[in-house]
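**Student:** Take a look at this one; I'll ask things after.
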Amino acid sequence: MGSLKRKEGPDGSSASKSKRAKSGETTKDTKIDSNKDAKQLKTPAVAKPITTPVVTVLKDEEPLFPRGGGSVLTPLEQKQISIQAKKDVLFEEAKKGGKEDTAARSKKKRKSKIEEPATKSKDEDSVKIESLNFKRLVKGSLVLGTICGISPLEIAVALPNNLIGHVPITAISESLTQRLQALQANGEKGDGEESGDENNLDDIDINLFVHLGQYVRAYVVSTIDESVAGKTRRHIELSLYPAHANSGLSEQDIVLNSTLMASVVSVEDHGFVMDIGISDSQLKGFLPRKQLDPSIPEETVQPGSVLLCIVTGKAASGKVVQLSTLVDRLGNPKHFPAEATTIDTFLPGTAAEVLVSEVHTHGLVGKVMGHLDVTADIVHSGSGPDGADLVNQYKVGSRVKARVICNFPTANKPKLGISLLPHVLSLKPKTTTKDGQEVLPTDVLAHSAIIQECRVERVEPGIGLYVNVGVEGVSGFVHISRVKDGKIDTLFENSGPYKIGSVHPGRVVGYNSFDGVYLLSLEKSVLEQPFLRIEDIPIGAVVSGQVEKLVVNTQGFGGLIVKIAEGISGLVPEMHVSDVHLQHPEKKFREGMKVKARVLSTNPARHQVRLTLKKTLVNSDAPAIKSYDELAVGMQAFGTIVAVLQHGAIVQFYGQLRGFLPVSEMSEAYIHDPKEHFRVGQTVSIYVLSFDPEVARLIVSCKDPSAFGLEKQLALKKLQVGDVVSAKVTQKTEDDVFVELIDSSLKAILPVGHLTDKSVNKTQAALKRIHVNQTLTELVVLEKNEGRRSIILSHKPSLVQAGKEGKLISTVDDARLGEQVPGFVRNITASAAFVQFGSKLTALLPKSLMPQDWHDKPNFGLHKYQSLLVKITSIDKELGRLVVAIPSAADQESKKPEKPADQAVNPLDETVTTMADLTIGKLTKARVRAVKETQLNVEIADNIQGRIDVSQIFDKWEDIPDPRRPLKRFKPKDIIDVRVLGIHDARNHRFLPITHRSSHAVLELSAKPSDVQAPSLPEPLSLEKIEVGSTHLAFVNNVASNYLWVNLSPNVRGRISAMEASNDLSKLANLERSFPIGCALKVRVLSVDKEKSRVDLSARTPGASHELTWDMIEQGMVLPAKVTKINDRQVIVKLSESVAGPVHLPDLADDYDEANPLSHSKFEIVRVAVVEVDKSNKKLRLSMRPSRVLNSSLPIKDREITKNTKLQVGDIIRGFVKNVSDKGLFVNLGGDVVALVKIKNLSDSYLKDWKEHFQVDQLVKGRIISLADGRIEMSLKQSVVEKDYVPPITISDLKEGQTVTGKVRKVEEFGAFIDIDGSDRLSGLCHRSEMADRMVQDARTLYNEGDRVKARVLKVDVENKRINLGLKPSYFKDGDEDDVDVDSDSDAGAALNGGADSDSDEEMSDIGGALVVGESDDESDEEKDSDIEMTEAPEEGLIGLEAGGFDWAAANLDADDHGNADVAEVPSKKAKKRREPQGIVDKTAELDVNGPQTASDFERLLLGQPDSSELWIAYMASQMQVNDLSSARQIAERALKTINIREETEKLNVWIAYLNLEVAYGTDETVQEVFKRACTYNDDREVHERLASIYIQSGKYKEAEDLFEKIVKKYGSEAPHVWYNYAHFLHTKSNKPEQARALLKRATQVLGNTKDTYLYLLPKFAALEFRSPNGDREQGRTLFEKLLATYPKRFDLWNQLLDLETSASSVAKNPADPSVIRDLFERGTKVKGLRPRQAKAWFRRWAQWEEKFGDAKSREKVSAKAQEWARAKAAATGKALEDQGQEEGESSGAEEEGEE
């Protein structure tokens, strides 16, 4: 058994230390948490051993007994030992006495073997109390635990006796593992080999699958002991897989109140489908939502989650187990499996009733079910931690409730460990009280807390101490190794420093949530240690440490490892080693050196601590901000720059807090490039500007907020570019001089380049003369940025003079053409220079405008900041561009002769000879080149192009022959008169003056008669000339969803709101169709916004185009409106910008059955009528009833009700439920007219929960029964509303022998209670004797609640109101079973199980109400002659359905789906005859055995199987059998909306069937529409390939070929098989072998000439040549010869070629020449590297072929060839061995010679 001195908890062992332990062997059982250091994680024992010396010796001798065996002591001897144990004796005497008693017992044992066999048997049956420890845990052990820690990759589980197990993320559940594998596969596919596990696992959060404190049953996968001297490292790996955690259970073991570990498979509306992992069983679990305990977070219950559940029952079918997690049931020990038939039911976590057989001071022994041994150790009996007196509390023979916590698989006899602790019994976390409230013990005493007074309550010699820590109900345990720093051999109760009652200071080193015990240490070193865990280290704390190691990586020095506590080390990154960058940090820091550091951040999950040695941070008194809660605007703190960006820097603070430092906040001075002033690792002092915790945003600044007050802000605002100021120098650098303005104290920068107008040397000389505190005068303000508070100055005399004279330009508006202005060089390129002025205004100085002698100089002889005087030659104010020239070069350019204008080639007008002749207003001729929707493209000459906008052709509306196509009358080559308007820029479609010519410009022309006939060009239409109310011709230029954009002229554009587009509302439904591009409209100007250059227009008639206001609305008006919002109750419409209103349900249609707001769409234009108007409150009642807005003579089913409508008592009207209250229903009849329906008037029958039968907006029909006091009261009773009302059946109406239908309300063992349809709450009883023609033992095996049945009335007792019913099938043999439809509203049918004497595996499934006997597994095929033929329906059934000659499922349904017995399947196989007489089949409520025949049959089946694609497809096929294409389409659409989104395969099946339907019966447009949608919702490539297959099956080869072309273009580079599929189609179906051969070349070009491409495609294309009816065998051989030449050693290619040459299809088509095949065989034998096994198979195949096609001579030749090859191979092998031996000999000789 090993030593008793353990760390994982007490186990009832002896206090003595074994001899083996004394000899120095390590025997402590310790569970090490990977998050802690070795010493810290030593865990104490938790049980008291038997204190008698007798047990000590027995323990030492324990290996002589079977593991888990019994004691050798009689009950009398045990009593004596128990009395002796109470004596206070010395440890040595106890040990000596133990040896003597052991010898005595051994002697008695030997004697009993001979004389008392009966006594021996009794002694062997006695049970030893054993605790769970590391050594007793083996693979396969099951143990109960609680989840005590969750990390990203594993779960920590607290086990009994202070053991800790670990569950990897891949061992939680099979569903979660599959999800992880899918993520991993996607990550590897997307990221390549470098994709790590963590990247893919970030998407999985274990906290969403389990939660802390959750009880679980775990399976031990492995135990690993890696203990070394001084450190104990043990690892227990667990699994929560239901298949593991429920191992040993069979279906028979699962009874009421047994427990199961279950994982969530899927989440349904009413609960969760669970996997329970029972081997060799299809049993599933179901957890209703009502049975989910409120303490379990609902977000943690998702596919992959695991839960410990209790069984609450089984479904009648026996295939589903009902589960519950309610603590009231699962945690109640009264709910134990009393019906258990085997001991396997009692797994850990299950409650049990224990018969106490032995009671000891350290535990108790009992039995379950009379023979299963169970033990409770010192911890879980309550003796140790709680100090319970077991002897007085429990008596032998009494029964106690306990919970199983572990098993002992290695014991000879089955034995379990149990717990009597209250919190384990209730499966709740242990709690204590604090301030009157229940809290967790960890909330009272946290980890690492120091307790000043720990009072010893109990001493376990050799094990440890139980102490009182001052927490009510929770004790502490100190393991003997943690009592003091030195070694201690044993402890004594009444003597020594640690006797009972002694008080010591202690420290909490852990807490076991399962045992409910604090783990303490009394060691002085632990008490003085600053931190025990990483979690205890406060972020921002200053700590002392010692350098452990210098980190060296690929970049060199990477940082330091600093030890700050025992077992805790932190990393000092390279950037935090010092405030300044160290060139040789290894010289400053040595291993063992003591340092002072500050904690930057901690990450306990990753065991990481980051430290800093920066003096700035370590010695700083500024607060260490680590979260947004500690921030305040204006707070000052230190941070470290971790990244420098173009626009700022990222600053890291403590913890994970980061902030952004904008470049504008880096300095008071202007900073162009942050990288020039800041570096990564630099420590900066910042101020908090703003922060937003919700979006995790923090903005900081290096500027002191208090340094820039209101006065400076006003001074900065007053300062203008061009002002001349004086400043004092504050700092001087190589590039800049930092100054402070004299008057305002504003800080500014004077770049060195701006000191003088002279050369660089002169400038540097001027810099040397400047010193700090010097006052500089004559400084001009060059730039100012108020946002950044930056000012740039210049000392250049030229700029200063310009500033004084006001000539320093700073905007484009300041520039004047031809003016000479001073500037300086900003940048120089190869073709130009850029000259800068004030406020960063920059001009282009092209090379062509520089003096000629500058062109050959480097950088044109210029340098940055050089002063220049330039002349402005071009200004583009729109783009803000300037072009300048050197004055001398500009003068020379102006003196050059003008370049002649471009000559016109073949002009139509002889007066036009050059472009210069085409001035604005010029009247000329043009030839039409092309007619577009909105313009005519024309040419004046062959090289002069122009355009005529459609708005420049017509003067009046009457001149337009066809408003939809105004330019219809023009034809190409027409010659028309035009007048030049200007230039049209084709790049941006702008209308420009004639001077703006460019390569993209064409002439803008006008062909308006008024423009052409006028003596001069009239002034064109502009935005300034447009007035509100004026009318114009407009032409549609663009159509948007809500607007029409129109052109009034080439440069004036307007918009027309959709509601203003026409008086005809039918045109507004589709703007794009009603108003095509280019169509003409007569419009009126509504408003002009000159700032936005926008004109709002209306195309409605002038009288209706005014803006509708509330004053203009009158009752009865019919107006157009635009739908703006839609919900289930109403449609909100907009009449104008200021008027909107709702259209409620009663006003949507004349027939309330058609009133559906969702049938309208947003932005739809509709016609509404004003029914009522309340202008004071701005309320409208609008109506969209056709009788209101179209024609009052239209039929009206539901009349319109207004407040003026006169209602009469007795009127029958319909309305919509407005509200469901406790008084009844309020029904909206229209507008504000509401009727009340009292509860008593709701129904003729009693409604128990009447509110569940009604909901808001439900359509109801009733009769008005009262109009008193102006209140309308209605009744919905059918007896009041309906004329032909049939009163409900009463008990007096029932007659014996009458057949009725009903629904099973309740089922008991003795019978079923049935609610009779159409009755006034009548219910009858069907006794089990009347359920079937055979004897029924339990009615619950036949019927469930909710089953629809047909019954015969057997007896009616009117006086006692009792009805007896019968369900025997024999009652309905008279043919009246078809009289009543019992399946009118739900699935029906009930399957009767076979009798108890039936020994065959007969399955009966409810096929839509039909009962079918399945095929027996134990029948053989030879019994087919005795088959019973079942009725088949191949065309109406669900399998093999066809319509129109095509396969609806497109061969897509999975094989597994066909194999499963499903309630939607119709049997098509013959059921074999049973060897035993069959029981009578219950045909109650039987559907047609031929399967679903009508739409109602399918609808019933679909209620139970909404996700079955097979059923939906069969439904579609049934509609096509009656040629109802529209219904089939509707069913397909319903299927796609109904099938769950997770059922991707089922949805794909329906899409393929839908495509089949459209290809067979639809048009090309419908096929493409469905195809595009299918591609959107499914795998794009798969849908393409499926459609190609459908086309081929349908004989549409042209469409298939076109689709194949698209496939290879789209997917050819990623899917090589698409090329082969296309080639196969061309060969076999399209008879285009040449085109197929050309595909190979295309494929290799796309895929690349790689080895994989060759080896995949070439053999397949070659095989097509052999097998295709259009193939060429020589072509195939050529392809194979290429392959064999490239890869001669690939013998699989030789075999493929031989297969093709000798294949039956090839031979039948064109028998091959035998010599060719023989030559192939012979060539194959000569392949280099041919292995003997391959050669043997090759020669055997050759011989077989010769046997069939050759003669004796050829067969002999094969044999000779084989022998020859074998000899050659042997010779070659021998020679190789000889050469090898010779080499070894030479080597050996050389060695011997060397030794000599």
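Each Cβ is built from the backbone N, Cα and C atoms, and glycine gets one as well.
No curator has checked TrEMBL annotations; they are predicted automatically.
Pulled from TrEMBL, these are the listed features:
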type: COMPBIAS; residues: 1-10; note: compositional bias 'Basic and acidic residues'
type: REGION; residues: 1-53; note: region 'Disordered'
type: COMPBIAS; residues: 22-40; note: compositional bias 'Basic and acidic residues'
type: COMPBIAS; residues: 95-104; note: compositional bias 'Basic and acidic residues'
type: REGION; residues: 95-122; note: region 'Disordered'
type: COMPBIAS; residues: 113-122; note: compositional bias 'Basic and acidic residues'
type: DOMAIN; residues: 140-241; note: domain 'S1 motif'
type: DOMAIN; residues: 257-326; note: domain 'S1 motif'
type: DOMAIN; residues: 448-523; note: domain 'S1 motif'
type: DOMAIN; residues: 540-614; note: domain 'S1 motif'
type: DOMAIN; residues: 634-703; note: domain 'S1 motif'
type: DOMAIN; residues: 722-796; note: domain 'S1 motif'
type: DOMAIN; residues: 818-887; note: domain 'S1 motif'
type: DOMAIN; residues: 921-997; note: domain 'S1 motif'
type: DOMAIN; residues: 1029-1100; note: domain 'S1 motif'
type: DOMAIN; residues: 1116-1185; note: domain 'S1 motif'
type: DOMAIN; residues: 1210-1277; note: domain 'S1 motif'
type: DOMAIN; residues: 1297-1368; note: domain 'S1 motif'
type: REGION; residues: 1374-1404; note: region 'Disordered'
type: COMPBIAS; residues: 1375-1386; note: compositional bias 'Acidic residues'
type: REGION; residues: 1459-1480; note: region 'Disordered'
type: REPEAT; residues: 1581-1614; note: repeat 'TPR'
type: COMPBIAS; residues: 1750-1767; note: compositional bias 'Basic and acidic residues'
type: REGION; residues: 1750-1796; note: region 'Disordered'
type: COMPBIAS; residues: 1780-1796; note: compositional bias 'Acidic residues'
**Student:** Using Cβ atoms and a strict cutoff of less than 8 Å, what residues sit near the repeat 'TPR' (1581-1614) while being 6 or more residues removed from its termini?
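**Tutor:** For the repeat 'TPR' (1581-1614), the list is 1446-1447, 1450, 1452, 1548, 1551-1552, 1555-1556, 1559-1560, 1571, 1574-1575, 1621-1622, 1625-1626, 1629-1630, 1639, 1642-1643, 1646-1647.
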**Student:** Would you call the domain 'S1 motif' (921-997) and the domain 'S1 motif' (1029-1100) in contact, using three or more Cβ pairs under 8 Å, pairs 6 or more apart in sequence?
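**Tutor:** These two stretches do touch.
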**Student:** Note the mean pLDDT of the domain 'S1 motif' (722-796), expressed as a whole number.
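**Tutor:** Here the mean pLDDT over the domain 'S1 motif' (722-796) amounts to 89.
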**Student:** As a test: from 818-887, 1029-1100, 1297-1368, pick the stretch that has the greatest number of Cβ pairs under 8 Å with the domain 'S1 motif' (257-326).
**Tutor:** 1297-1368
**Student:** Per DSSP, how many helix, strand and coil residues does the domain 'S1 motif' (634-703) have?
**Tutor:** 9 helix, 34 strand, 27 coil
**Student:** Using DSSP, what's the helix, strand and coil tally for the repeat 'TPR' (1581-1614)?
**Tutor:** 28 helix, 0 strand, 6 coil
**Student:** With DSSP as the yardstick, break the domain 'S1 motif' (448-523) down into helix, strand and coil residue counts.
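**Tutor:** Within the domain 'S1 motif' (448-523) the tally stands at 3 helix, 40 strand, 33 coil.
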**Student:** Kindly report the helix/strand/coil residue split of the domain 'S1 motif' (1116-1185) according to DSSP, in that order.
**Tutor:** 9 helix, 34 strand, 27 coil
**Student:** Going by DSSP assignments with H, G and I as helix and E and B as strand, what are the residue counts for the compositional bias 'Basic and acidic residues' (1750-1767)?
**Tutor:** 16 helix, 0 strand, 2 coil
